[in-house]
C-alpha cells in the first residue's frame, strides 16, 4: 500500500535552490542535465556514465514500485469483490442453507447441521410438490401463503391472509415456522375480544395470530357477500335458535365448509390425501361427506348456498351428534379466541358478528385503496381501473386503461367512500345481474341512468354520477356509451371472487414433475 501511495502521490522534490548539485529531471523524472540557471559545468563522459547507471537504477526502482502497486491493487479489488459477492466457487445451495436452519424464536434449540437441513428441505419440497397434485386451487393457495406449522397442521397468520387476498403470490418462498402448543397459546393470549374489534384488527395483529384452513374458507365467503346476507349466515350458525352462537355451533358449520370443499378422491391417492388433510385440518378426518344426495353424488352448491338454503339445516344432524369430538380435535385459533374468549365459554351475538364481517370487508378494501392512494384522499380513475381488472381473466388490459386515459380529460379522483360503495355493489352482483339480464332480453344495452337505477333497485345503494361515468369509460370498449352483459358482468364476476375460482399455481414445472413421478410409479 505504501508503494501504491508513492506511485499515486510522489513526495515533493527539493527545489533547485536547495539542491544545486542534483541533475535536472525531465517531466517523466529522468535525469536531463543541469537545471537552467544552476551553477556548474556541463556533464563530462564520466558523468554521462554515472547518469546512465542512475537512469537504469531509476528504471528498476520504478518498475519495482509499479509491480508492488499492481499487486496491492489486485489484492484490494479481490478483497472488495469477496466482501460484496462472497466466494464465487461456493455452491448456492450451501450458501442458502444457514437461512433454513434458524430455530423458532423463543426456543433454545441447537442449530441444525447443514447437511441435515439440506436433506430435510429437499424432502419437504418433494412432499409439497406431490401434495399439490392432489389439492384443490384453494388448498394450494392456502398452503402457498401459510407460514406456521403446529403439530403437523398449517396455519396462516393475519398478515398471511391479507397477502393472500390482496396479492397474486408471495414475494418470497415461504418456510413453515414450527410452533409448540405452549408457543401457540402464548401467541393467542394477545388476541383482543370481539367487542374490541376494528377495521384494523388483522393489520394490528400482523403475525401474532393463526388462521386455520376452514376459517380461511369462511373469511373468503365473508369478503364476497352482501350485508343483507349476514343475518342469514348468523342464523345458520345459531342451530338452537337462541339468537346466540357458541363455540360448538361455530365449529359445526366450519365442518360443513370443510366437507363442501373436499375434493373427490381417486383410486390410489388415499395416502396423499390423508397427509393433505392432516396439514389442513390437523387430524385425519373421515372422507364421507354429508353434502351428498341419495344417489351419492356431490351437491353442486357454493358456500353461500350452503348457508342460505333452509334445507341445509338437515346437514347439521350428523355433525351435531359429534360436536364434542370436533371441538376436542380442533386447535384454538385467533378467530375462536376473538369470538368466544380464551376459555371458549363466551357466546357471540348478531351485532358483534355483523360488526366483525363489516370490519373485515372494510379492512381489505382500505389496504387495496391505500396501496394506490400514496397518502392522498383519492386514487386516480386509471388506478381504479387497475384495481378492478386485477384478478380478472382479461388478457389485454391496456385497452381498458386507454379508455380511461383518453376518455376522462380532467382527473377528479375516486374517494374511498365511492370505492367502498362500488365493492358493496359487487357483493350484490347476482341480484344486479338479474336486473341487467332483463335489459338484454329486450335486446337493449344499458345507459348510465338505467345502470344507476338498476343498482339502486337491486342493492339499495346509490352510486355517484362520477363513479358510474368512470365505470362506463372503463368497460365501454365499442365507444357507444352503453354497457352490456358481456362488457361488464362477466369480468366483474372474476373480480368479485379475487381470482379464486380459476386460481392456478404458477409452479408449472414442479406440478409436471409430480405428475410424471406419479405416472412412473404406477407402471
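Our numbering is plain: 1 for the first residue shown, then up by one each step along the chain.
Keep in mind that glycine also has a Cβ here, set from the backbone N, Cα and C atoms.
Here the structure is a predicted model, which means the values were calculated and not measured.
Taken from Swiss-Prot as is:
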type    : residues                     : note
BINDING : 238, 240, 242, 244, 246, 249 : Ca(2+) 1 binding site
BINDING : 476, 478, 480, 482, 487      : Ca(2+) 2 binding site
DOMAIN  : 226-261                      : domain 'EF-hand 1'
DOMAIN  : 395-430                      : domain 'EF-hand 2'
DOMAIN  : 464-499                      : domain 'EF-hand 3'
TRANSIT : 1-6                          : transit peptide
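Feature map: Swiss-Prot annotations on the structure.
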residue : record                : contacts (Cβ under 8 Å, 6+ apart)
238     : Ca(2+) 1 binding site : 244, 245, 249
240     : Ca(2+) 1 binding site : 249
242     : Ca(2+) 1 binding site : none
246     : Ca(2+) 1 binding site : 340, 347, 348
478     : Ca(2+) 2 binding site : none
480     : Ca(2+) 2 binding site : 445
482     : Ca(2+) 2 binding site : 445, 446, 447, 476
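Outside the domain 'EF-hand 3' (464-499), and at least 6 residues removed from its termini, the chain residues within Cβ reach (under 8 Å) are 165, 168, 223-224, 381, 384-385, 388-394, 399-400, 403-404, 407-408, 412, 414, 418, 421-422, 426-427, 429, 433, 436-437, 440, 445-448, 451-452. Around residue 249 (Ca(2+) 1 binding site), a 10 Å sphere centred on its CB holds 21 further CB atoms from the protein chains shown. Counting every protein chain shown, the Cβ of residue 476 (Ca(2+) 2 binding site) has 20 other Cβ atoms within 10 Å. In terms of DSSP helix, strand and coil, the domain 'EF-hand 2' (395-430) has 23 helix, 2 strand, 11 coil. Under DSSP, the residues of the domain 'EF-hand 3' (464-499) split into helix, strand and coil as follows: 23 helix, 1 strand, 12 coil. Each residue in 237, 239, 241, 243, 245, 347 lies on the same chain as 238, 240, 242, 244, 246, 249 and has a C-beta within 8 Å of the C-beta centroid of that Ca(2+) 1 site, without being one of the site residues. In the three-state DSSP scheme, residue 246 (Ca(2+) 1 binding site) is classed as coil. The Cβ of residue 244 (Ca(2+) 1 binding site) has 16 other Cβ atoms within 10 Å, all protein chains considered.
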